[in-house]
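Asks: Feature table excerpt (TrEMBL):
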TRANSMEM  44-68  transmembrane segment
DOMAIN    45-505  domain 'Major facilitator superfamily (MFS) profile'
TRANSMEM  80-98  transmembrane segment
TRANSMEM  110-129  transmembrane segment
TRANSMEM  135-157  transmembrane segment
TRANSMEM  169-190  transmembrane segment
TRANSMEM  196-218  transmembrane segment
TRANSMEM  246-265  transmembrane segment
TRANSMEM  277-296  transmembrane segment
TRANSMEM  320-342  transmembrane segment
TRANSMEM  386-406  transmembrane segment
TRANSMEM  418-438  transmembrane segment
TRANSMEM  450-473  transmembrane segment
Amino acid sequence: MKEQPGQLSDTQYAGSHELPDGQVASEVADSPATQYLGGARLHLLTATLCLCLFLTNLEIPIVSTSLISIAGDLGGLEKLYWITTAYMLGYAGILVLSAKFSDILGRKTCLLVAVILFVVFSAACGAAQTMNQLIIFRALQGLGGAGNYAISTIIVLEMIPPEKFAKYTGLVSAAFVFSLLFGPIFGGAITQHSTWRWIFLLNVPAGVAATIALIFLLPNGFPYHSKAREDRGSLRESIEKAFRRIDIVGAFLLVAATVLLVTGLDEADEQFAWRSAFTIAVLVISGVLWILFAIWERRVTLNASTTEPVFPWRFFQNRVWISMLLNAIFLGMNWFVTIFILPQRFEIVNQLTPFHAAIRFIPFTVSSPVGSMLAPTIAKAFRIPLMYLLIIGSAIQVVAFALLGTMPSQHAIPARQYGYEFLGGFGCGISIPILTLMTPFSTEKRDHAVAMGAIAQFRVMGGSIGLAIATAIQHSYIRSHLRQFLAGNVVEALLQSASAISTLPTGTQDLVRGTYAVSYNMQMKFLACTAGAQLLTSLMMWQQNPIVAS
């Protein structure tokens, strides 16, 4: 029987639900259908894929220092939060789906579509004339970004043999965390010296260059490009069979459940109260859809048919893999909350400009890529079980965020805070690549693409959940304490825009900034708890002879 592009026979699977005790990464069997890349082509393609990953992830932090300028130009201050939310909705909604579709329709086709979609709607964002237009374009930009991230990550690990996974995982993770390093700085500098529109328009020339490079560098039919065209069947036959394999119901349930969950959590305590009918209804419906999704995926997995499940039931039966997904959720909380919270603290409590706030955030953003590049290298060089590095990264985060929760409310920034930032970024940087590196060796080969997308999707969902909880902690504390000496309407105005602090008398400003400082400390203590949850989920991955990168 002929194999279709993206489909593997049973003899080509490289893993099982858990590796046999004592098995190392390099012992995973290669697929005979895979022809690895090498030479200049490999290096140029790696650089192109890292550029794709950098641009995609840059769109989250670069906007954080430009929001006020965007609102001043387009109006709609009450919708400001949706500029970030819309991108994360599109991004988190289809990460797993884009990975699965690339299994069925082909890596090159799906990646090119994703990059083009990202470039087109980046240009549209830069040309937006109203806040509503920008929000819609940001959501569509997020769809392209999701496919860009998921498929690029998959291709990186498919174009090399397993013994090189550690090195290339470090490169991928470095591209991810370097976007965090430069994002706030680029956003602040562009906003201060030019127009905010360039934070989107810069993606266009870089994205066009990446598209051209992918057309020539990525082989047609990758990773099964060594097979003859006739062995892969006619184009029409391939397309017809590909669409019969798509799990349409599962895809709909996954997108709907994810979008409703992120929307409900992002809007809670912003546009609607936590106890409002809207928030409760959206979260309940999301919960029901997640349950239906699990039931449906079990049915599709167990029934012998041509339809391929979006999220195979065997994932739910894999203890190590489920622990990794939970770990990704808690890691996403620490990662994304820190990106947004610390620069805000510098602006509100320490009264810095967006650009200078980004500069003070550099210790976190510098240490993250250091951890991301060192962790896989050390794991391979010293044959350290990957689970141990997750434990180390989580423990470092617990210490760092607990210390960040003790910062004083004074205007000056104590020097030790930069050290705590460095520790927090280093701990997160260790965990990010290790989860990616463990994925191919914790799941079956036929599930690698979906598993890669799931790690990224659950990390983004964790970020959205963490931001919602952290915001609720801050707003609850501020409302209860500021109302002791300010009118209720003034407190609500401060929660809508912290710039209103400057309109208050000097003595009152100090009290308000001190209250904000305490609320930020509470958020950091919350992150210390989620880091502790990472530690627990890392321990849940325990095996008698855990996975070793070699």
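Every residue gets a Cβ built from N, Cα and C, even glycine.
How about a rundown of where these features are and what they're close to?
Replies: Within its own chain, the transmembrane segment (110-129) has Cβ neighbours under 8 Å at 52, 55-56, 59, 74, 98, 101-102, 137-138, 140-141, 143-148, 151-152, 155, 197-198, 200-201, 203-204, 207-208, 210-211, 214-215, 218, counting only residues six or more beyond its boundaries.
Tertiary neighbourhood of the transmembrane segment (135-157): same-chain residues 45-46, 49, 52-53, 55-57, 59, 79, 82-83, 86-96, 98-99, 102, 107, 110-111, 113-122, 124-125, 128, 165, 168-169, 171-172, 200, 218, 222-223, 436, 440, 448-449, 452-453, 456-457, selected by CB-CB distance under 8 Å and a gap of 6+ residues from either end.
Here the transmembrane segment (246-265) has long-range neighbours at 85, 88-89, 92-94, 96-97, 100-101, 104, 279, 282-283, 285-286, 289-290, 292-293, 296-297, 300, 307-311, 457, 461, 464-465, 467-469, meaning same-chain residues at least 6 beyond its ends whose C-beta is under 8 angstroms from one of its own.
Long-range neighbours of the transmembrane segment (386-406) within the same chain, counting only residues 6 or more positions beyond its ends whose Cβ lies under 8 Å from a Cβ of the stretch, are 327, 334, 371, 375, 378-379, 416-417, 420-421, 423-424, 426-431, 434-435, 437-438, 521-525, 527-528, 531-532, 534-535, 538-539, 541-543, 546-549.
Residues 88, 91-92, 95-100, 103, 146, 149-150, 153-154, 157, 258, 261-262, 265-266, 268-270, 274, 310-312, 315, 321, 324-325, 328-337, 340-341, 435-436, 439-440, 442-443, 519, 522-523, 526-527, 530 of the same chain sit 6 or more residues outside the transmembrane segment (450-473) yet have a Cβ under 8 Å from a Cβ within it.
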Asks: At least three Cβ pairs under 8 Å linking the transmembrane segment (418-438) and the transmembrane segment (277-296), pairs spaced 6 or more in sequence?
Replies: no
Asks: What stretch in 44-68, 80-98, 169-190, 277-296, 320-342 has the biggest tally of Cβ pairs under 8 Å against the transmembrane segment (196-218)?
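Replies: Answer, by Cβ pair count: 44-68.
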Asks: Hey, which bits of the same chain come close to the transmembrane segment (320-342), Cβ under 8 Å, at least six residues off its ends?
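Replies: Counting only partners 6 or more residues beyond its ends, the transmembrane segment (320-342) has Cβ contacts under 8 Å with 17-18, 60-61, 64, 180, 184, 361, 364, 390, 397, 401, 421, 424-425, 428, 431-432, 435, 438-439, 442-443, 451, 454-455, 458-467, 469-470, 520, 523-524, 527, 530-531, 533-534, 537-538, 540-541, 543.
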Asks: Grab the pLDDT values for the domain 'Major facilitator superfamily (MFS) profile' (45-505) and give me their mean, rounded.
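Replies: Its mean pLDDT is 85.
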